[in-house]
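Colleague: Got these off Swiss-Prot a minute ago, pasting:
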ACT_SITE  65  active site, charge relay system
ACT_SITE  116  active site, charge relay system
ACT_SITE  212  active site, charge relay system
DISULFID  50-66  disulfide bond
DISULFID  151-218  disulfide bond
DISULFID  182-197  disulfide bond
DISULFID  208-237  disulfide bond
DISULFID  322-341  disulfide bond
DOMAIN    25-261  domain 'Peptidase S1'
DOMAIN    256-378  domain 'CUB'
SIGNAL    1-16  signal peptide
């Protein structure tokens, strides 16, 4: 019968490369946009939590004290970001759920912040492109610059103590401090086996509250290496002879690489359904879908064609952030088009790329009837989105449905919000791409 092959192309993962440039950052400057491509931003329940560093396409390294006792389902990771606020974007952002937290088993032993590292496994590999890249792990072949050569730390932490957090990513260059001097500064808290220090003896610069988990990087032979993970320091954050203390990545490298190599790959469930006749139904539909599902569906889109996904029926466990059960739609570049849960029957979603990737994930508790989707292909620029009916309820009358337009498309170089000039509907997520 011969063979049927498919070809996928991926950029080779190269670490430590940043653009050529002409916890808490005190006394630093605003970083040029996308100048530190491994910088991660962690949020919990919608609020900024900590920084982190992308060390593998699926792995972010952060501080253990940032995620201690937290569930992976409530932590969100953003890569390629510059602004602290999620309302301000630069266009290179990639958004991720966390599926696993691996905290160092000896965190807080023997000192309070010993072994202050944790690994976050992302829900999918990051796309290594504009503004998103890997940092190299510290390498023993390079001698550390304890002679005063500066390294750099970055973050959205406080600009002073007490003081506000940064609205944009900040950077500051700091010299590494020898273990002897660090021990002199912190005779009771410093652990030379798991910590490294950086800062100026005169003070005035350093990391602060909100920078925790972020990177301390040094350049060797044209590449940037992660030497430290921002951990702790003395308040206020800019005291003389009180450097910032970081988890020592070089000392902890074997733990980091060992945990990553032993972590099982995210497995796709064997009982996932299939796309048949341009239709996709969740496993078990119309009965309840199983718990603990992880299914990935790839829908190729022919050249000069765009895809409309119509939600004929859609009922998943609801949550304001879709933390529990969800369907996520991304394009071929890992750009998130939308994340959906709750009741979404009647919605239409436009995908204008070479492929649509649908990821269906469920948790271990409540479930619902699932979804029934249909796929329609149109010549590029000619897609029609069906109206999306949003249920509304009042306490005085029977629930009614109010038709509102779908997301629509750009036509004649014009784009109108759904419902314009009337009010746009609530709980709407629209993505428009202008080529």
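Here the Cβ of each residue, glycine as well, is placed from N, Cα and C on the backbone.
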Colleague: What kind of secondary structure is residue 218 (disulfide bond) part of, going by DSSP in three states?
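Modeller: Note: residue 218 (disulfide bond) is in a strand by DSSP.
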Colleague: Give me the mean pLDDT over the domain 'CUB' (256-378), rounded to a whole number.
Modeller: 88
Colleague: Kindly report the helix/strand/coil residue split of the domain 'CUB' (256-378) according to DSSP, in that order.
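Modeller: Helix (H, G, I), strand (E, B), coil: 7 helix, 54 strand, 62 coil.
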Colleague: Given the disulfide-bonded residues 50, 66, 182, 197, which one has the fewest other C-beta atoms within 10 angstroms of its C-beta?
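Modeller: Among the disulfide-bonded residues 50, 66, 182, 197, the sparsest Cβ neighbourhood within 10 Å belongs to 182.
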Colleague: Test of understanding: give the count of other CB atoms lying within 10 angstroms of the CB of residue 151 (disulfide bond).
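Modeller: Taking all protein chains shown, residue 151 (disulfide bond) has 23 Cβ neighbours within 10 Å.
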Colleague: Enter the number of other CB atoms within 10 angstroms of the CB of residue 116 (active site, charge relay system).
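Modeller: So the Cβ neighbour count for residue 116 (active site, charge relay system) comes to 31.
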Colleague: If I take the Cα of residue 212 (active site, charge relay system) as reference, which of the disulfide-bonded residues 66, 151, 197, 218 has the closest Cα?
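Modeller: Going through 66, 151, 197, 218 one by one, the closest to residue 212 (active site, charge relay system) is 66.
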Colleague: Sort the disulfide-bonded residues 50, 66, 182, 197, 341 by C-alpha distance from residue 218 (disulfide bond) and give me just the closest.
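Modeller: Result: the closest of the disulfide-bonded residues to residue 218 (disulfide bond) is 197.
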Colleague: Just to confirm: which same-chain residues, 6+ apart in sequence, have a Cβ under 8 Å from the Cβ of residue 322 (disulfide bond)?
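Modeller: Long-range Cβ contacts: 339, 340, 341, 342.
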Colleague: Given the disulfide-bonded residues 50, 151, 182, state which is nearest to residue 65 (active site, charge relay system) when distance is taken between Cα atoms.
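Modeller: Going through 50, 151, 182 one by one, the closest to residue 65 (active site, charge relay system) is 50.
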Colleague: Checking the disulfide-bonded residues 50, 66, 151, 182, 197, which are within 10 Å of residue 116 (active site, charge relay system) at the Cα level?
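Modeller: The disulfide-bonded residues passing the 10 Å Cα test are 66.
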Colleague: Quick check for the class: what is the C-alpha distance, in angstrom and rounded, between residue 66 (disulfide bond) and residue 197 (disulfide bond)?
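Modeller: Residue 66 (disulfide bond) and residue 197 (disulfide bond) have their Cα atoms 19 Å apart.
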Colleague: Whole-number Å distance between the CA of residue 182 (disulfide bond) and the CA of residue 151 (disulfide bond)?
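Modeller: Rounded to a whole number, the Cα-Cα distance is 16 Å.
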Colleague: Ten-angstrom check, please: count other Cβ atoms within 10 Å of the Cβ of residue 341 (disulfide bond), all chains counted.
Modeller: 21
Colleague: Please work out the number of neighbouring Cβ atoms within 10 Å of the Cβ of residue 65 (active site, charge relay system), leaving out its own Cβ.
Modeller: 22
